[in-house]
């Protein structure tokens with residue numbers, strides 16, 4: 001007899017996972033082993049360490065849910081239902097069992113009563129019949145899968161790894177005798193063509209977003225297009241969904257405040273309308289796509305092509321508005337260029353006597369306009385005429401007025417001759433001869449420069465002779481009055497002028513809109529401020545007699561003509577109207593006295609300094625002699641600029 005070895009080898013006792021697995025058991029009934037702790041899988045002892053010596057064999061302690069016997073599932077359920085009691089080991093394992101979506105939906109163990117009514121047994125037999133039918137269908141499903149070349153659930157490949165045996169899909173394919181379309185997508189059989197869709201989307205972006213061409217528009221009238229200038233494609237771009245919402249809002253006003261009865265009536269109306277809405281809508285254009293052509297298209301009704309560009313046609317109202325704006329801009333430009341507030345500030349300033357006078361021709365127009373002007377500013381500044389009116393009543397001032405008029409008549413032919421500002425008159429008329437000396441010095445300087453004007457020199461000598469005789473008599477009277485005990489003039493506060501620059505420095509034009517500059521004096525520049533009372537001053541030009549030699553003085557006096565008569569003086573007064581102003585500008589525009597920078601009339605205590613000593617020489621200037629001389633230039637300048645601006649304003653749109 002052949003010897004048969006009936007013992008179990010060590011390999012078979014340890015590795016019998018594949019042989020013990022039942023093929024008929026459904027994968028839905030299995031629990032996965034991976035990820036479970038030893039106590040959850042029914043193992044109560046930790047495994048011993050592997051050593052070289054032989055380790056005794058212990059049967060594996062696995063819960064009943066992991067044991068796959070060759071018996072059917074229906075027989076196991078019959079045994080469980082027939083058993084009157086449950087073993088304690090099964091209770092422990094059932095409590096430890098994890099509930100998952102893939103776990104078997106068995107009734108809880110131990111809950112069935114030992115004695116069951118016949119109705120329950122009939123129900124169980126019906127369930128068994130249903131399960132048998134499912135298994136038969138399972139076989140059909142398996143056969144169909146095999147024919148289709150698909151891998152069935154019962155088909156096991158010998159290359160399955162432990163991971164594939166223990167882990168199943170969480171959402172397995174539903175069992176069905178019919179082949180679903182998605183089961184045929186991944187076929188391994190080459191004989192059967194795969195029913196796969198192309199993963200690459202063949203539809204282009206243009207086709208996907210294309211909505212179709214709109215319906216042709218009905219004919220429109222031209223007046224409608226002109227009346228509504230908004231293009232129609234902007235109005236058509238609204239989606240019908242938004243328009244429907246607006247209609248609903250209009251149809252259902254004050255819905256929040258309505259009563260429940262009104263709500264019910266409204267819902268019934270909507271239900272009546274709903275059958276019409278269920279109909280398939282006709283293919284409508286949802287939204288009009290904005291193409292490049294439409295974005296760059298300009299309608300010839302609203303745009304005109306001019307100079308290579310499309311310009312929007314303006315209405316009559318817009319054209320009138322534009323023309324008015326242009327006219328206003330031209331008017332402002334003309335006023336701002338020729339007569340501005342800055343020029344007015346320059347004209348009204350107290351320092352405009354520092355500016356250049358006009359020529360002989362323009363000065364006549366200046367004086368004539370000044371006499372004719374009715375402006376309050378010019379009347380207030382025109383104190384020279386006021387002094388001439390008072391000449392008859394005040395004999396003390398007559399000499400100074402005569403001097404100014406004579407000098408102006410004599411200087412008609414000398415517009416470029418440098419002169420000094422008018423000398424202030426003291427409280428008493430004892431030093432009126434200082435002005436005569438200045439005129440002598442000025443004549444001497446002009447002779448040295450090479451300007452030979454004999455006729456003018458003869459006229460000046462005549463005037464000097466007459467002035468010397470008048471000044472000697474007035475000086476004697478003034479000295480006697482001062483010796484007898486006259487009142488000294490009250491000293492005044494003087495301002496310390498600081499050098500400041502303004503926009504008038506080189507920007508403000510004089511006559512004919514050209515800047516005229518005056519050359520500085522030969523021996524130096526003018527003082528920046530007037531001398532303080534009681535202090536000796538250094539003359540800019542030599543004005544003392546000891547500077548000249550006696551021979552020069554005798555030669556100069558020998559040239560003096562006889563004194564003119566009263567008639568000649570009156571005729572010279574009439575000629576003075578055509579002469580330039582008596583007091584010309586001295587220095588340049590950069591002179592500190594002119595750089596007021598708008599600080600006139602502003603009281604600053606830190607700029608005032610008290611006089612250091614009281615003396616007979618004071619700065620209490622005579623108002624008529626100083627203000628009249630300075631206002632003459634301002635009056636002439638203001639009147640000329642103002643008259644020119646008025647003429648330009650009148651002739652702006654053409655002479656009428």
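Using N, Cα and C of the backbone, Cβ positions are placed for all residues, glycine too.
What Swiss-Prot lists as coiled coil is 309-337, and the listing cites sequence analysis. Annotation comment: Swiss-Prot describes 38-48 as compositional bias 'Polar residues'. Under the heading compositional bias 'Basic and acidic residues', Swiss-Prot lists 68-82, 434-465. Annotation source Swiss-Prot lists compositional bias 'Low complexity' at 111-126, 398-409, 466-482, 625-638. According to Swiss-Prot, the compositional bias 'Basic residues' annotation covers 243-257. Taken from Swiss-Prot, the feature region 'Disordered' covers 1-126, 208-264, 386-504, 550-589, 614-638. Feature annotation from Swiss-Prot assigns motif 'ST]-E-Y-X(3)-F motif 1' to 161-167; the stated evidence is similarity to another entry.
Per-residue confidence over the motif 'ST]-E-Y-X(3)-F motif 1' (161-167) averages 76 (mean pLDDT, predicted model).
Under DSSP, residues within the motif 'ST]-E-Y-X(3)-F motif 1' (161-167) fall into helix, strand and coil as 5 helix, 0 strand, 2 coil. The helix, strand and coil residue counts that DSSP assigns across the compositional bias 'Low complexity' (625-638) are 14 helix, 0 strand, 0 coil.
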